[in-house]
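The feature substrate binding site is assigned by TrEMBL to R6, K7, Q152. Annotated FMN binding site per TrEMBL: A62, M63, T64, S93, N122, K184, T214, G259, I260, R261, A280, G281, in sequence order. Residues annotated as Mg(2+) binding site in TrEMBL: E153. Among the features that TrEMBL reports, domain 'FMN-dependent dehydrogenase' is placed at 166-321.
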Amino acid sequence: MSRAQRKIAHINEVVKQTQTEPNSFDEMEIIHQSLTPLNWNELSLNTACGELSLSSPLFINAMTGGGGFKTAEINQKLAMAAHEKNIAIAVGSQMSALKDEEEKNTYEVVRREHPNGIVIANVGSEATLEQAKRAIDMVEANALQIHLNVMQELIMPEGDRDFSERLRNIEDIVSNISIPVIIKEVGFGISKETAAKLESIGIKYIDAGGRGGTSFSQIENNRRTDRLHSLNHWGIPTLVSLREIQAAFPNVHLIASGGIRHGLDGAKALISGANMFGMAGPMLRTVIDQDVEGLVNKIDSIHDEIKIVMMTLGVTSPNLLKGSPHALFGKTKEWINQRT
Ligand code: FNR
């Protein structure tokens, strides 16, 4: 299967994956406060994640590009909604366009539709410094994501098998690029041990990319004839990953993603230490089912939900949610307790 065919197969699989199973966000409750000192007009969604100034903590996370007309059209629609609501958007892995010039348009369309917004470039950890620079230029990126996806590659029959140079590659990029470099997982979570390695080479931005939403073990398994089902639920749940990185490395600029379904999950991520949160699968399903207008409405609802939580907890901006009163339950609580 070619890289372009694989991208379309991924989209078709994600459209089928409806998120009905509970995840770690269901094992966290925010404690209601009945007396808020605020007026709704005082609330603002403006926030920051390190050097990135944002008009919302919500962003559309990396998904697609490089699969020809269909991915260009999806990216255009995602970018139109991001532009209308002025939220940040990450493009999917640009590795294909670095190898084939004809694929570039499927990414460039995002910058065209969101000319002054925050656009985040995306490469794999196999990328060289020169490739990372070209990916940034391609979309005039404000930040660069480098994705770690070892489990996905290993389940993918045609996936990579040699990861021995990855940390050195990342170090070369982060040492020579001036915009924020974000290391992200794709749904398997980043542990504090991995965060320690990343921190030691100068990484300041980590997207937990945890388990609980889109599952690339399931997606890749569905493309295999000899399925490795035991690995379908591999990974660190997003809330666990976030909280252990936050506890061990409080100065890292934390980003949450993986299984965030709505504004309430987003607020729980912000309370757990994230500065911004990304959604991928739910955004893709919405834009495919309900077009740009449906996605704009979804973003509006997410913003309303975050503001309602902020109002109730008595904070005027998303970054002040960190540490607000909450309780943890079940497996998520046990996991966090064991790791602290
Ligand atoms: C992804 N994701 C992804 N991530 C990345 O860094 N580069 C990529 O090219 C892709 N490609 C991709 C395609 C599709 C169709 C989906 C749905 C997702 C992973 C994505 O950014 C995110 O980390 C996970 O999907 C988990 O978040 P959700 O989907 O649970 O919100």
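In case you wondered, yes, glycine gets a Cβ from its N, Cα and C as well.
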(message) Less than 6 Å between Cβ and the nearest atom of ligand 1 is the rule; apply it to the binding-site residues A62, N122, Q152.
(response) A62, N122
(request) Quick one: pull the CA-CA distance for T214 (FMN binding site) versus Q152 (substrate binding site), whole Å only. (result) 12
(message) If I take the Cα of A280 (FMN binding site) as reference, which of the binding-site residues R6, K7, Q152 has the closest Cα?
(response) K7
(message) At 10 angstroms around each C-beta, which of the binding-site residues I260, A280 has the fewest other C-beta atoms nearby?
(response) A280
(request) Please state whether DSSP places K7 (substrate binding site) in a helix, a strand or coil. (result) helix
(request) Give the three-state DSSP assignment (helix, strand or coil) for Q152 (substrate binding site). (result) helix
(request) Can you tell which of T64, N122, Q152, T214 has the least company, meaning the fewest other C-beta atoms within 10 angstroms of its C-beta, among these binding-site residues? (result) Q152
(request) Specify all same-chain residues, apart from the site residues R6, K7, Q152, whose Cβ lies within 8 angstroms of the center of the Cβ atoms of the substrate site, ordered by sequence. (result) R3, A9, H10, M156, I219, E220
(request) Pick the one among the binding-site residues R6, K7 whose Cβ has the fewest other Cβ atoms within 10 Å in this structure. (result) R6
(request) Rounded to the nearest Å, what's the C-alpha distance separating I260 (FMN binding site) and Q152 (substrate binding site)? Just drop the number here, would you? (result) 20
(request) Please determine which of the binding-site residues listed here (A62, E153) has the lowest count of neighbouring CB atoms within 10 Å. (result) E153
(request) Using C-alpha atoms only, work out the spacing between the residue listed as 'Mg(2+) binding site' and R6 (substrate binding site) and round it to an integer in Å. (result) 13
